[in-house]
């Protein structure tokens with residue numbers, strides 16, 4: 001299905017891209033009559049992203065230990081679309097070929113993650129270090145650098161060592177803090193001399209909410225009144241505890257990073273994943289007020305804490321005793337504990353205030369006193385949603401979210417760690433259909449334009465952008481049915497890669513203008 005047209009889309013390639021006046025505060029954008037790399041400030045990085053569990057495979061090589069998702073998908077195959085990451089897209093064996101695919105796209109950077117159990121098979125250094133696993137990431141990082149691609153490394157992208165999960169419940173226990181700091185410090189010391197961009201945690205909201213409040217992702221915990229599939233868990237409690245331990249772990253890891261001599265000159269942050277919200281009913285003042293509350297619960301929960309040192313006051317007021325408290329020392333470590341804001345943006349929703357919460361059935365969504373709606377009070381959808389789309393497409397929300405972060409958090413540096421379009425092709429899935437991904441191409445066009453407007457008009461300090469994803473891969477509870485890649489992976493025929501129309505578009509977009517690697521370092 002061809003994507004429904006939205007305002008500006010028909011004019012996109014004819015539009016004269018706004019240039020910044022040279023004396024304006026904020027980013028300076030060159031004049032351009034076509035949206036491309038040349039429409040952005042010099043030095044702006046463009047790349048693609050993946051995560052270890054979603055692409056590597058090779059779960060029995062390099063003495064890798066079991067990860068949370070390995071066991072979860074074996075125990076509950078129906079909750080992983082009867083798929084798993086045992087082989088994934090075999091990036092472990094094909095990374096050199098895949099790096100050539102990155103070069104083909106003219107990208108500058110690649111976001112990857114390190115699998116904790118591939119480094120410490122049993123979760124802790126004292127129980128053994130996999131030197132083969134350590135060497136694999138050295139080889140991967142070196143190959144990226146050799147090919148002119150800057151590595152961005154995520155320390156934790158949801159692959160908790162199963163041994164720690166079995167021993168004390170993983171992030172449900174404060175014992176995770178010491179173990180995570182040890183692991184993070186190890187990878188900083190090992191790779192910090194050549195990796196200068198780090199992300200401690202990917203999407204802490206998704207990890208805690210989906211894993212411990214609604215049970216849609218591993219470890220699949222929640223109360224039965226939220227999801228009957230959950231066999232254990234306590235909604236409205238565990239998600240807050242997990243995030244609390246995660247944030248303290250982040251602060252400890254950042255302290256270790258800032259003491260790392262090899263790491264000098266680098267930056268560290270978190271990749272957040274909020275939606276943007278519009279009022280469900282513009283005539284209802286409560287819906288308007290609910291937007292700030294929604295953003296505090298989905299973004300401020302983590303970003304307020306790592307910026308100001310504590311949770312948003314509205315969360316303290318509503319959640320009450322169920323929200324753990326930080327010590328004075330923890331607050332001091334958390335405050336200003338990031339060098340940039342990592343942002344993953346996919347979609348937006350309407351925010352409808354919740355009239356009658358049920359205190360006997362607490363959960364994160366109810367605590368925020370809103371419901372998420374895909375249509376407003378007038379029955380209009382937010383953006384568009386093609387038949388195969390996983391999420392509604394609303395690029396205006398991208399720009400609004402960027403401006404919100406600039407205004408609330410004193411204009412921090414922002415890096416777009418993920419932005420992409422997922423689609424489920426179903427019975428029509430084939431190489432021919434999957435590579436003709438015009439909807440994804442239009443999604444990228446519109447979101448790149450919205451980001452360019454945020455940078456060049458709103459003066460938001462965005463410095464990098466990564467498409468999710470380089471390749472179709474294992475998409476958690478959706479398995480392999482939900483495709484996000486710029487390259488189609490043929491799961492029926494040797495995992496062969498095929499460039500999609502979106503990949504051709506991104507390559508053309510990046511072919512114009514000066515790559516950061518072509519600039520002198522003192523010009524950046």
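Every residue gets a Cβ built from N, Cα and C, even glycine.
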Binding-site annotation, Swiss-Prot, beta-D-glucoside: partner of 54, 157, 202, 203, 346, 418, 468, 475, 476 in 44, 46, 484: 484
Rounded Cα-Cα span from residue 203 (active site, proton donor) to residue 476 (beta-D-glucoside binding site), Å: 13
Neighbouring C-beta atoms (10 Å sphere around the C-beta of residue 476 (beta-D-glucoside binding site)): 24
Candidate nearest residue 461 (N-linked glycosylation site) in space, where candidates are the recorded positions 54, 202, 494 and distance is Cα-Cα: 202
When distances run from the Cα of residue 346 (beta-D-glucoside binding site) to each of the recorded positions 60, 203, 230, 494, the nearest one: 203
Among 222, 230, which are disulfide-bonded residues, the residue with the most C-beta atoms within 10 angstroms of its C-beta: 222
